[in-house]
Amino acid sequence: MIPSAVWRPFTQHAVEPNPPLIARAEGAWLTTADGRRILDAISSWWVTTHGHRHPAIMAAIRGATETLDQIIFAGLTHEAAERLARELVQVAPAGLCHVFFSDSGSTAIEVALKMALGAFRNRGEPRTRIAALEGGYHGDTIGAMSVGERGVFNAAYEPLLFEVERIPFPAPGREQSAYDALERAGRRGGLAALLVEPLVLGAGGMRIYKPAALAELARLARAAGALVIADEVMTGWGRTGTLFACEQAGVSPDILCTSKGLTGGAIPLAATLATAEIFEAHWSTDRSRTFFHSSSYTANPIACAAALANLAVWRDEPVAKRVAALAAAQEARIRRFENDPRFTNARTCGTIAAVDLKVGDAGYLAEIGPRLRAFFLSRGLLARPLGDVVYLMPPYCVTEAELDLLYDSIAEAPDAVGLAR
Ligand SMILES: *Cc1c(COP(=O)(O)O)cnc(C)c1O
């Protein structure tokens with residue numbers, strides 16, 4: 001075999017074998033070049049919502065290529081972006097009425113942070129500090145890493161990262177310390193924004209908190225004069241049971257970031273939505289107040305067409321029903337681990353289910369990831385536990401029988417990878 005020239009993401013090439021070569025994707029399934037089928041239990045890193053290669057989204061992409069490729073989006077516009085912005089404003093939490101397009105979740109976060117600081121600077125208010133939840137994850141560019149949890153993943157880049165106000169995770173029943181920390185951060189002054197993943201910290205281990213806690217954090221941030229930025233990059237598009245997770249808390253953020261499921265997971269696109277106040281803070285005949293951000297592929301017409309098709313799927317197909325059915329199916333199945341001594345902390349939030357493996361020796365934890373992945377793959381399942389957290393975040397087209405395959409394999413996993421009982 002020809003050695004791969006590819007440097008893969010989050011992959012230690014010295015210890016991980018070459019991955020399967022995927023030749024086809026359809027619905028919840030991937031097929032390798034040599035014909036093996038793999039059930040995608042993690043929606044290909046949380047992007048695929050309806051299923052791989054949804055026909056309407058694929059057709060929209062093909063259709064878009066008949067008329068446009070990339071066109072510069074400063075000084076020119078195109079119909080797909082105009083329509084998509086209007087439609088996003090319609091489905092987003094109230095008050096978000098301007099849409100800035102970029103191309104990844106990390107970029108959407110960078111844009112959000114720049115909007116927040118830009119708005120205060122343009123108003124002559126010296127607010128530059130960001131508060132963020134402990135254990136949060138917002139992407140892997142420098143700004144996004146800065147606001148995320150620090151650890152082995154970003155230790156080498158620490159000198160480049162800016163400081164943030166860390167708010168303890170508002171664990172159910174222990175929310176008060178989060179509230180207190182946010183109030184203290186507010187009193188220190190200069191707080192520009194609270195950035196949160198609403199309801200679920202994704203990469204931080206599928207840690208779930210209550211809508212009421214999100215509402216209280218948003219209230220406290222605003223009481224301190226700060227903006228609320230919702231990172232809905234993972235939680236958006238039905239993952240937590242509602243189109244956006246903020247809805248469950250009755251929170252309308254000042255800025256909302258969306259990406260992953262925005263095109264149904266077909267093609268990269270991101271959007272950062274903002275209120276009129278934030279847009280207007282940049283509105284001026286003074287050119288120095290311009291929002292100085294761009295990426296080459298801003299509002300790519302083909303990606304915008306895919307996102308429009310995704311919105312049409314949400315309107316035309318019973319997606320909300322599928323989401324509710326998947327949520328109920330996950331909830332019913334994760335319970336089997338509640339009294340299993342090898343597991344702890346079985347939980348769900350909408351379509352997301354997670355359970356923690358009991359791993360005695362923390363040093364062993366690092367080794368267990370590749371072994372778990374290999375075990376699941378040997379069963380024809382694509383899963384990627386986060387440390388000791390085994391989670392399922394399948395596309396909404398997954399069937400109950402397919403879920404049973406996944407849950408039966410999770411039940412076998414601890415013994416298969418040699419975790420002591
Ligand atoms: C994945 C993710 C990001 C980063 O998105 P990319 O497209 O990978 O840059 C940001 N925030 C959250 C909550 C995410 O899950």
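A Cβ is built for glycine as well, from the same backbone N, Cα and C atoms used for every other residue.
Curation plays no part in TrEMBL annotations; they are all automatic predictions.
Under 8 Å, Cβ to Cβ, and six or more positions away along its own chain, W45 (substrate binding site) finds K260, R384. Per TrEMBL, substrate binding site is recorded for W45, Y137, K260, S294, R384.
Annotation note: S295 (pyridoxal 5'-phosphate binding site) sits in a coil segment as assigned by DSSP. What TrEMBL records for G105, S106, D231, S295, S296 is pyridoxal 5'-phosphate binding site.
Cβ neighbours within 10 Å of K260 (substrate binding site), excluding its own Cβ and spanning all shown chains: 28. The annotation N6-(pyridoxal phosphate)lysine is assigned in TrEMBL to K260.
The number of other CB atoms found within 10 A of the CB of G105 (pyridoxal 5'-phosphate binding site), across every protein chain shown, is 28. Around D231 (pyridoxal 5'-phosphate binding site), taking its Cβ as the centre, 33 other Cβ atoms fall within 10 Å, counting all chains. Within the set of binding-site residues D231, S294, S295, D231 have a CB atom less than 6 Å from some atom of ligand 1. When each of the binding-site residues S294, S295, S296 is scored by how many other Cβ atoms sit within 10 Å of its Cβ, S296 comes out lowest.
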